[in-house]
């Protein structure tokens, strides 16, 4: 069985292949789509709503000629009243679909699903765990926009404690040569020790900074993230953190001409709308790339390609 | 970019063309559909639920061979928590779909969406603003049922203050020759001054009436609307307005044999079920016509046809 | 018009034909699906959520090349605020789809829908009424797993008062020769008198038992059902009933080697997970069979086959 559970599961060569496939997918999508997955059904099984991610996957499946059965209300499957386990739900849905794209609120849910599924499972975010397709599309965007990843200086800005996309991207970047990371976070949400320990182990250079202006001048990629109100105990705690870092035209002026700004979206106020028209504002192109990366991953899952792994192998890999 | 934002944007010739196209669509739909939009994706982006309208659009898209990504819970895109603007949501969804059908609770939302979308936007109702596809299908039904629109006597009955479909239909009818309008409303919800001013300007004859029986005897079209409970401050205010006008068999007996009864549906009690089997009861045929009109509009949007307008041109047209 | 409203509507010969068709459907589905219903639209109209049943139907439709418009929020169609009748909703949706699959919370809703629909209606559960496709797939699984239905000993275990799938399955089994039924229920939820009266009338042998171990040793089919918490007045009433009967490895040891365990799912704690890997645990295969049965039924409805009945005939048949 062929699952996409974690950004960790891909090695450098597989990433190169994936990105090449994504480019081919884009080419085909622009020419009106493919019928590679005609007759195949994707189940979008969302235990919490995320219309953006769901739409991106559904669009990818349809661009490949497949069809979709979909719910953002999957919690009722294993609701308190009915008391079904996630494992039972997944076994049943394996009968209805050829691939399961799952969003869940609990860490490790994707692995649990993969262990019992009789069809491939793609993790579309499991709580504070992983959201591998997001970090893959982030990385793909960097490579596509700048032509390479090796040797780049990448700043990550915002809530670095809770932002799982930031952690996963950091792990992925560690697979490349000579990347330097700059973590710029409000005092209340620094990059976690475990991420730093990982980077230390891999020999990746990183810096914890507080001065965004200084960092903006030197980096190739400014990866901005939202400060999530729901993570903070009080409104004033939130506002203190949220107001600290912002990309606006003056900051943009300091950035290199061939740098890019990324954001997983949605944004709150951390990037001023005036920035949108600048060619370095790559975040909407980044969203679009998500469709091509997901097309590539769906094709791999259903065509028995590169991502194949049994869950035992995956599990030990992800330890 | 090619948007359908307002009933106003169509001139008489374009309406004639649209209705001809809708007829062709009906012919093809009955023969099993078309593959005109094979490979295309429609996003149904509903910020408030309206399953009826959503189903009608989705059915239209599928009858044309296209596919659909869909939500009735779009409010979470730009929710208070996540704080995303409508503009950002639309930019992202432009990456996932080839056309966006949007329902929103705020006047002007469709225009805001069209300004930033990189794909066509179809307004499926924006609050108290417009619901152009509804009034186009109303008008199409009149033309199809009676063979013409010029010279017809059309009564509009019910809540004429808040009923946006009534206003839009009145504006559309003003594009035809020799139409006479009869407004029949409870005291508490008369036709607004601005509609009357518009008709005066266009030289359209209209009459404000209170006696439905008298009006029913002379008109060709009786356009009935629901008194919307949610518009009234108290239950008793509502009941006073709601009970006033009703189509029942005795009233039906007064109507001309070649007249028709329309209703945008859903109805509450304002048309008795006994009326349904009369050939003049055209409201279910009217609902069906909605699919053909929407097929025609989707085809225009995606085939770069008649409805093309840049938003600046549209905006000044709609002033 | 061709409706699937009740398990009662099928005679023995039609059941045989249906099961043969379901097998052909499975064969084709495994080979990548059929395009039998290309261009056809199924409306999944769920007045209460049941993602499992909805997915099963949608998957069936897509495996046949058809497309789907879908809602689990159909209650708003006929909501108190808008006040629309079920009949009006169905008439309108008949314009959007080629077949309507409806789940409703009121007994008899499916029949009401069929009476006004201009397309086939399939009952996907109407409150405490029927859920015919569930009992058909149950029966199909028995026949497929054991090669026959005639002469089998079938135990039904759990909440036999409220479990509509149990009642419908009992009615269906009564169409076969020499079937013996064993009802094993907690004191608080015995099999209803009307089911027993029906079986008496048909000359079907049945036994009310309390000792599951003894019954397990002799039956060919153990049909387990969930005790539904929401049916019991207090938590302790529920717990008293829920804990009584459970399939676990010791009980499994007592069962015949060529027997099977069925369950309509979801299960709560009434079948231990350790049982899942036993070849007699047929409940996940049963879920999968649901897709093939529904493919067969959709094909019949839309291809004007065996299930054709006018509602008057159906109604008198179901009296």
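Keep in mind that glycine also has a Cβ here, set from the backbone N, Cα and C atoms.
A TrEMBL annotation is a machine prediction, not a hand-curated record.
According to TrEMBL, the feature carbamoyl phosphate binding site maps to C:52, C:53, C:103, C:131, C:134, C:265, C:266. Taken from TrEMBL, the feature L-aspartate binding site covers C:82, C:164, C:226. The domain 'Aspartate/ornithine carbamoyltransferase carbamoyl-P binding' annotation in TrEMBL covers C:3-143. Per TrEMBL, domain 'Aspartate/ornithine carbamoyltransferase Asp/Orn-binding' is recorded for C:150-301.
Feature map: annotations from TrEMBL on the structure.
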{"residue": "C:52", "record": "carbamoyl phosphate binding site", "contacts (Cβ under 8 Å, 6+ apart)": "C:265, C:266, C:287"}
{"residue": "C:53", "record": "carbamoyl phosphate binding site", "contacts (Cβ under 8 Å, 6+ apart)": "C:103, C:124, C:125, C:133, C:134"}
{"residue": "C:131", "record": "carbamoyl phosphate binding site", "contacts (Cβ under 8 Å, 6+ apart)": "C:123, C:124, C:125, C:164, C:165, C:168"}
{"residue": "C:226", "record": "L-aspartate binding site", "contacts (Cβ under 8 Å, 6+ apart)": "C:158, C:159, C:263, C:264, C:266, C:267, C:268, C:270"}
Secondary structure content, the domain 'Aspartate/ornithine carbamoyltransferase carbamoyl-P binding' (C:3-143) (per DSSP, counts of residues): 68 helix, 24 strand, 49 coil
Distance in Å spanning the most remote Cα pair of C:52, C:53, C:103, C:131, C:134, C:265, C:266, given for carbamoyl phosphate: 17
Cross-chain proximity of binding-site residues to A (CB under 8 Å), evaluated over C:103, C:134, C:164: none
Environment of C:52, C:53, C:103, C:131, C:134, C:265, C:266, the listed carbamoyl phosphate site - residues of the same chain whose CB lies within 8 A of the CB centroid: C:50, C:56, C:125, C:264
Mapped DSSP class for residue C:226 (L-aspartate binding site), helix or strand or coil: coil
Cβ-based isolation winner (fewest other Cβ atoms within 10 Å) among the binding-site residues C:103, C:164: C:164
Which of C:134, C:265, C:266, all binding-site residues, has a Cβ with the fewest other Cβ atoms inside 10 Å: C:266
